[in-house]
Number of protein chains: 2
Amino acid sequence: MAGAGRRPYNFSAGPAAMPEAVLQRAASEMLDWHGSGMSVMEMSHRGKEFGAICAQAEADLRTLLAVPEHFHILFMQGGGLGENAIVPMNLSRGGQVDFVITGSWSAKSQKEAQRYCQAHVAASNADSNHTQLPAPSTWQLSADASYVHICSNETIHGVEFQELPDLATLGSQAPLVIDFSSHVASRPVDWRRVGLAFGGAQKNLGPAGLTLVIVRDDLLGHALEICPSAFNYRIVADNQSMYNTPPTWGIYIAGLTFQWLLGQTEGGLTGVAAMEQRNLAKAGLLYDFIDASAFYENKVSPDCRSRMNVPFFLRDESRNDAFLAGAREAGLLQLKGHKSVGGMRASIYNAMPLEGVQALVAYMREFERSHA
Amino acid sequence: MAGAGRRPYNFSAGPAAMPEAVLQRAASEMLDWHGSGMSVMEMSHRGKEFGAICAQAEADLRTLLAVPEHFHILFMQGGGLGENAIVPMNLSRGGQVDFVITGSWSAKSQKEAQRYCQAHVAASNADSNHTQLPAPSTWQLSADASYVHICSNETIHGVEFQELPDLATLGSQAPLVIDFSSHVASRPVDWRRVGLAFGGAQKNLGPAGLTLVIVRDDLLGHALEICPSAFNYRIVADNQSMYNTPPTWGIYIAGLTFQWLLGQTEGGLTGVAAMEQRNLAKAGLLYDFIDASAFYENKVSPDCRSRMNVPFFLRDESRNDAFLAGAREAGLLQLKGHKSVGGMRASIYNAMPLEGVQALVAYMREFERSHA
């Protein structure tokens, strides 16, 4: 399946492809990390070896995302769906929260938050079938919201904020919460506009089971009484993410990924800025090809198309199975779209090289030629 | 450090030593699991490859622990400390719950549960400094408790129930909840006496970040309204542990460990029964040596000494640092006791071979000879 000696290109939406260099390093260190005589999985989280791994991962992530000092970096468990409850338990104070619905994930967040607060829908793109972003100027923000929640990249619908909203200019004093699970580290973050960012690691950072939370200092300490201690941001922060045993392997793999990202260069840029250039090139190549084709279609408005998740359709959907089977033969894996949307989806995260997108476009062109 | 070509023996209380065969297998499959072209970390949890891994792990665990069909096996996140909140959110119905305090972990469980229910202390061994088990006949059980909670092996204090209490004979109709984090799969479980068992994986099953819950069918569906969906046992069970993205790598490693366990034999026994024989032999060797020595001491009552976690003290504690440094030189790692107890602790889980305990006893004997 792997084609000419290479690994297949894996377009899974998550868990997703990882840098091959990270996998090779993890394999080589499996039985003995740096002469310790232990696998990272076997290390006490309280020991000096894992302490060093975790501190380095946090420091590297802070560098990579340019996280200001007044934000805490927390390594947690529970994934994005867990955070849908954990964020309002920590930040809502039982009051009103504004949600901007732009696809499946923000809709799930709003629904879950209703257990803990008044989860007000300030805007929604449901009438466009989640293919457009409602302009911030149209959002019906509350006067006294505890926070405003957006999903800055909708993995399923392929809709991305190309710029974070500046809530202050919209008349809201509330902190902005972003679910950035599926585009974290693919582009810079303007932390001046953010109060809290969370994401599951399994798209751009590492394995499933690690959840990243980056939270501004003043937002800690307001958890509801029913918030479990293990998910109370104040307690997690005070214990350097080791109140409960953290997902040590996930932190280790994410740390290797951070080091890989810090070493990437593109057009004189490094790290996330370099990745952004590559991601623009990859996404541009794929969207341009789809737009120029009468055989394929992407329905998302061009101003909010995701650089990470590209849902697309064959206009003749009777060819879907043949398309997927041929792709698999060509070493192009996991292209089937999410069941709620149908069609195809190519997730082209940081670990997907330009060559992978070129191979996908070449395959799509050939499939079109032979089936049109 | 590794001595004569072998890996060091790692006595960490958790995350803890893993079978070398599991680590080797994981390393060899890192870049390509079974010809799929993917690392397990890169697989969609919805794909057929990971689906097969997860189903096999669950089936093997059911075989290994002889879990009856009317119990659900759930793979979750959040660890034991997370479960301290998740169990009462799912099972307490906001009513009364009985706790038997036998050490740090059961005490933490009782404290956390107070957020969700009336957490009644039915018995405590605090007056013995957590070195004895209160006899079940002395427990002050409530007439109408939603459940009774015990920690069946206290990792820090080294206290283990050698037999699970039969609540029916104690006048309680409540289901028994056991926190079996640190001795799961080291001995059989009498499921007739259990309603729910939970444990973090990082002692006997796999890496940190995977939490195992085994729960009787009739106990599902009673969660409090404030229970997060991702931690609602009914929802997790209905979605075969894939309501949120599960910790896929942890499930894979646990699955490899289950297969390793199923292949173990001892004295004509296999699986957990074989491990129990080995664990009895390992623990017996270490306790017998300590009891015969005037240099070392274990303070736990012989009838409830843990087979997994052996805290011990040098009677002259001024030699602690020399003991630990020499142990490290001898390839005997992570023997320092928990800070709340002090002294030393040897955790001798399933993955610790008899040879590791023999090496520890030999070192302890030599240290005593040269320092007594």
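Just so you know, glycine gets a Cβ as well, placed from its N, Cα and C.
Binding of pyridoxal 5'-phosphate is annotated in TrEMBL for A:Trp105, A:Thr155, A:Gln202, A:Asn244, A:Thr245; the matching candidate from A:Asp127, A:Asp179, A:Asp218, A:Asp288 at the same site is A:Asp179. Maximum C-alpha to C-alpha distance over the listed pyridoxal 5'-phosphate-binding residues A:Trp105, A:Thr155, A:Asp179, A:Gln202, A:Asn244, A:Thr245 is 29 Å. In sequence order, the recorded positions near chain B (CB to CB under 8 A) are A:Thr245, out of A:Trp105, A:Thr155, A:Asp179, A:Lys203, A:Thr245. When the Cα of A:Arg46 (L-glutamate binding site) is compared against those of the recorded positions A:Thr155, A:Asp179, A:Lys203, the shortest separation belongs to A:Lys203. Among the recorded positions A:Arg46, A:Lys203, the residue whose Cβ has the fewest other Cβ atoms within 10 Å is A:Arg46. Following the DSSP three-state reduction, the secondary structure of A:Trp105 (pyridoxal 5'-phosphate binding site) is helix. Under a cutoff of 8 A between CB atoms, and with a sequence separation of 6+ in the same chain, the neighbours of A:Gln202 (pyridoxal 5'-phosphate binding site) are A:Gly14, A:Pro15, A:Ala16, A:Gly79, A:Ala208, A:Gly209, A:Leu210. With a cut-off of 8 Å between CB atoms and residues at least 6 apart in sequence, the same chain places A:Gly80, A:Cys151, A:Glu154, A:Thr155, A:Ile156, A:Asp179, A:Ser181 near A:Trp105 (pyridoxal 5'-phosphate binding site), listed in sequence order. When the alpha carbons of A:Thr245 (pyridoxal 5'-phosphate binding site) and A:Lys203 (N6-(pyridoxal phosphate)lysine) are compared, the span between them is 23 angstrom. Averaged across the domain 'Aminotransferase class V' (A:9-360), pLDDT for the predicted model comes to 97.
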